Each structure stands twice: as C-alpha cells, then as structure tokens.
Amino acid sequence: MSASPAQATPLPRLLVSVRDPAEAEAARLAGVDLVDAKDPERGALGALDTRTVREIVARVSGGAVTSAVAEPTPRDVAAMAASGVDWVKTGIGPAPRGDGAALAALAAAAPGRLIAVLFAEDGPAAALVPHLAEAGFAGAMIDTAGKRGARLPDLAAPADLAAFTAACRDNGLMSGLAGSLRVIDIPSLSAYAPDYLGFRGGLCRDFDRRNGIDPLRVAEALRALRPSRRDAA
Ligand SMILES: O=C[C@H](O)COP(=O)(O)O
C-alpha cells in the first residue's frame with residue numbers, strides 16, 4: 001500500500017539566521033533546528049568574522065545544527081570551516097555557475113560541508129544543481145539578494161521551486177528555501193519538501209531583519225513546522 005501524500009512529504013526544518021552568540025543561544029533555547037551565523041546589516045550574505053562564529057558554535061553547544069556564511073573564495077570558505085561550524089554557506093552568483101573548476105575549488109575548501117546559496121533574482125536554479133553535486137557541494141539554498149522588496153514567493157515561480165528541490169533530492173543535496181519569508185509562507189513552501197526553510201526578517205521585531213529575533217515568532221514558526229509535536233508549543 002502506498003503512503004498518503006501527507007505521510008510521504010516530511011516537513012522542513014527551521015533555519016534561523018543569527019548575528020551574535022546571544023541570539024544563537026536564544027534560537028537554540030527556542031528549539032530552532034539550524035542556527036545560521038550571518039551579519040544582517042550586510043545584506044543577504046554578510047559574513048561574520050570567524051571569532052564570532054566560534055563563539056556562536058560554542059553557545060549553541062551541539063543543541064542545534066550550525067552554519068555560517070563565508071565569502072566565495074576557497075580561502076574564506078576554509079577559514080570558516082575551521083571555526084567548527086557544521087555547514088558553510090557561500091553565494092554562487094551568475095559568474096561561476098558554468099565554471100566547474102571554480103565550483104570544485106570552493107567545495108574542496110570545506111569537504112562535504114559546503115552549501116551553495118543561489119539568488120532567486122538570477123533565475124531558475126534547478127539546472128545548476130547537478131553541477132554543484134558533481135563539484136562536491138553538500139547542499140543548495142535559494143535566497144533573495146534584495147532584502148527590502150520582493151520576497152521569494154514573488155520572485156520564483158512554483159514550478160521552479162519544485163524543480164529545484166526535486167533536483168536537490170535527485171542529486172543527493174540538502175535543500176533550502178529562504179528570502180524574506182513569513183510564517184504564513186510555511187504551508188505553501190513545505191509542499192516542495194525542502195530540507196530547510198530559512199528565516200531572519202520574518203521572525204524579527206517589526207519584521208526588520210536588523211532588529212533582534214522575536215522568540216514568539218520563532219515559536220509560531222515551529223508550531224507551523226511541527227504541528228503534531230508537543231515540544232513546539
Ligand atoms: O538564510 C536565510 C536568510 O538569513 C533569510 O533572511 P531573510 O528572512 O531576512 O530574507
């Protein structure tokens with residue numbers, strides 16, 4: 001007997017971007033699955049310094065998976081990997097997309113731990129996924145480069161998001177979707193079965209990603225992602 005669609009589609013886990021050890025600890029205590037270190041004052045992919053990331057990793061203390069943004073050079077990726085973070089995220093803009101050697105050099109700097117961040121503004125991403133897998137990336141996320149206007153659901157067509165997450169599954173890559181998401185987006189984006197949904201601004205006070213994270217909004221997101229789990233209440 002085949003499983004029902006509801007049983008067959010696992011719910012995504014919650015990624016929340018934090019900027020310092022205090023926010024990291026708050027996110028861990030709230031029950032966030034993945035604590036992602038980045039500087040929200042510096043756009044979509046602002047890298048924190050490795051010392052701050054080490055402190056964040058120490059504060060999370062194994063209570064959640066961790067990731068951190070690094071500039072897209074092998075040197076920066078390797079330095080961030082050495083901070084002890086579980087995953088390193090780096091932006092892959094249009095330029096290196098077709099350059100397999102450049103992608104492989106990045107992936108080799110954090111073997112098995114590098115996540116490509118692709119921007120929705122650059123167009124559909126599914127065709128790039130096999131190249132990322134071949135280069136040695138461990139996962140891929142779509143985010144939005146702009147943080148003051150269009151959100152991911154405004155920029156990416158449903159068919160493109162579905163094709164992206166399917167390509168990640170087919171190629172053995174972890175997948176994530178982000179881009180000024182709100183809790184209300186969780187049901188529709190969960191249908192694409194990404195491994196993670198990523199948030200910052202949508203869980204901050206006044207929905208401003210430069211403000212602090214609002215624990216009540218984190219709890220709301222966890223309830224939406226874990227409707228049957230008592231620990232999300
Ligand atoms: O990796 C996820 C991003 O930090 C999401 O940030 P945002 O929700 O403010 O677009």
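Counting begins at 1 with the first residue displayed.
The backbone N, Cα and C atoms fix where each Cβ goes, glycine too.
TrEMBL does not curate its annotations; it predicts them automatically.
For reference, TrEMBL has these:
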ACT_SITE  LYS38  active site, schiff-base intermediate with substrate
ACT_SITE  LYS89  active site, proton acceptor
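Here LYS89 (active site, proton acceptor) is positioned 10 angstrom away from the residue listed as 'active site, schiff-base intermediate with substrate', judged by their C-alpha atoms. The most densely surrounded of the active-site residues LYS38, LYS89 is LYS89 (count of other Cβ atoms within 10 A of its Cβ). According to DSSP, LYS89 (active site, proton acceptor) sits within a strand segment.
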